[in-house]
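Trainee: This is the structure I have questions about; it appears just below.
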């Protein structure tokens, strides 16, 4: 048989021409082992730190450990269907979550997926959960108040928009209650709230959502829930997801408030992930970068200036500053604030509110210890009227606690000490407040004015709260215009002081 070279070359040519360029380049690897939500993968030579990985069954993971011949990843969500030998693909993307006002009123998981049974959320945008915090030039000093509606906080440890104020205390001291009251008080203030529940019982989160709904707060609140039944990876990621949702409002010249409840559980979840990835443990078995875990999160809460907002929105929003205020919560063990995570977060934040078990059990609620609670930047942001009226209260309380300790041993006390003790007892009583009952600025001003001018001095201690409640009702019915004026101007003029004094004296006669 004679072979014709030209025929062969024609055949080869036609084959080459018919070859389609449908080949795609993909970076993929193979699962070596999977356990406890941690997966070791062989291959993935081009993977990036923090990159999203795609597993079979529409499951995603996060590449955290990049080693010479393998990659350590955490799986976000269920991992029971993943087995040895499965193919894992790189996505080329960092983990992203949906953002925007469409999330308000909804409960979502750490990946921004709805878990409240109210159907899908049609958000238009997504954003990476990890972002670099605004730089020094982009920031503006904190000088606008973030009213919590809690007398003890707004008078003694005021919080400003863009501040990070730590709420710290043992279990069952009312930490969450303080944060939820602060969210409820933002109604009508133009502040969007994000509540991040980390490692809590699903029933507790349900109760919080119900309370927010009852007080009409859910319409401006996003709840990000990583319950105790979810994987450590989801608990660790949830705080960053919530922060990314809050930054949407900050960067567009609006104000947002985010509560992390709580960062102790987030640190424990991160410790679990790190130990399973065989990272070397340090103090209290936490990994070496646990400080960075919290600092990079809390630094993203800031007040940004108008130039930053204008540049971010490409000129769509002009002349408006944005803010993200953070209220991280830390749970201490038997009041030990010198443990690793509490000291870290204290040093990162702009002040802290200490809640004490002994005060809580003795009926002082919110159980705020005025002596060691501070707000490092909030003083500049405090409302003028509250600032003017609350000056003496903090010192009165601190001296009262000190004297009360001595008075237990002294049999005969001089008149001035007795007077100070009596006043301190009444101030302590006045600062008690029921849960879910935040006060407006004007009513708070009325209470502080009354205690400063000595209208409570001749009352029995147990009558103080009843007198205050009655006084508030009287002011609302008979002096609504004065309350509205204080609410609008945030000031108490000399003429108004006289009217207010007369009104309180008037009410006291009938009490």
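Indices start at 1 and increase along the chain as displayed.
Note: Cβ is positioned from N, Cα and C throughout, glycine not excepted.
From Swiss-Prot, for reference:
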| type | residues | note |
| --- | --- | --- |
| BINDING | 169, 170, 171, 172, 173, 174, 175, 176 | ATP binding site |
| SITE | 373 | site 'Required for activity' |
Trainee: Can you tell me how far the Cα of residue 173 (ATP binding site) sits from the Cα of residue 373 (site 'Required for activity'), in Å?
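Mentor: Between the Cα atoms of residue 173 (ATP binding site) and residue 373 (site 'Required for activity'), the distance comes to 15 Å.
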Trainee: What is the separation, in Å, between the Cα atoms of residue 169 (ATP binding site) and residue 373 (site 'Required for activity')?
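Mentor: Distance (Cα to Cα, whole Å): 11 Å.
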Trainee: Among the binding-site residues 171, 175, which residue has the largest number of other Cβ atoms within 10 Å of its own Cβ?
Mentor: 175
Trainee: Which one of these binding-site residues, 172, 173, has the sparsest Cβ neighbourhood, judged by other Cβ atoms within 10 angstroms?
Mentor: 172
Trainee: Given a 10 Å Cβ-Cβ cut-off, pick out the one of the binding-site residues 169, 174 that has the most other Cβ atoms nearby.
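Mentor: Of 169, 174, the one with the most crowded Cβ is 169.
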Trainee: Beyond the listed site residues 169, 170, 171, 172, 173, 174, 175, 176, identify every same-chain residue whose Cβ lies within 8 Å of the center of their Cβ atoms for the ATP site.
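Mentor: Near the ATP site, the remaining chain residues are 331, 355, 357, 360, 367.
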Trainee: With an 8 Å cut-off on Cβ-Cβ distance and a minimum sequence separation of at least 6, pull the same-chain contacts of residue 373 (site 'Required for activity'), or say none.
Mentor: 156, 157, 351, 352, 353, 354
Trainee: Which of the three DSSP-derived classes (helix, strand, coil) applies to residue 174 (ATP binding site)?
Mentor: coil
Trainee: Across all protein chains in the structure, which of the binding-site residues 170, 176 has the highest Cβ count within 10 Å?
Mentor: 176
